[in-house]
Amino acid sequence: MLSLIFIGIRLEQQFGFSTLSVPFCSGSVLSSLFIQRSISVGASGALFGLLGAMLSELLTNWTIYTNKAAALITLTVIIVINLAVRILPHVDNFAHIGGFLTGFLLGFVLLLRPQFGWVGRKHLPASARVTSKHKAYQYLFLVIAMVLLIVGFTVGLVMLFRGENGHDHCSWCHYLSCVPTSKWHCGN
């Protein structure tokens, strides 16, 4: 809950509620494909959606940040700690991974900011040279993310509506939800 409060408030202040609600509601398709005989509820998929969106926002708007390395390292440590804690049995890591990937890709689409020094046309004289609002790499990230989102959701929903089990296509994926140790074992 603390992660949702700190991350959610920061992102909502910068980008608004409506923009942030889409990455917040991500992750359930992957969970539905791999955990079919159980119901999974909770806000952790949403948390990972926000973490993914925050990471892609950092990468997309890289030139705006003054202390880039510290921001990247801090965010990476938070993501790794949250993933490491969640390898306990009976935790739906598929919702976490699906939320993170969807939030990461949606961040490239929804969380673009104009580059530093960009001025709108209405504030410039008619003879002034207008620079692009966004950098070329931002447009490239946006197009790649859109394609991956469309393909990923299409494939995921088709598999879901056909009743396919994700484990049939990925033999090692059960380790993403539970890592067996001497203290516990992972059942089917």
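Glycine is no exception: its Cβ is also placed from the backbone N, Cα and C atoms.
Annotation source TrEMBL lists domain 'Peptidase S54 rhomboid' at 1-111. Secondary structure counts, DSSP: the domain 'Peptidase S54 rhomboid' (1-111) has 85 helix, 0 strand, 26 coil.
Per TrEMBL, the feature transmembrane segment maps to 41-62 (among others).
Marked as transmembrane segment by TrEMBL: 69-88 (among others). Residues 3, 44, 47-48, 51, 54-55, 58, 96, 100, 178-179 of the same chain, all 6+ positions outside the transmembrane segment (69-88), place their C-beta atoms under 8 angstroms from a C-beta of that stretch.
Summarising the annotation, TrEMBL assigns transmembrane segment to 94-112 (among others).
Among the features that TrEMBL reports, transmembrane segment is placed at 139-161 (among others).
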For the transmembrane segment (139-161), could you work out the same-chain residues 6 or more beyond its ends whose Cβ comes under 8 Å from its Cβ atoms?
29-30, 32-33, 56, 59-60, 101-102, 105-109, 112
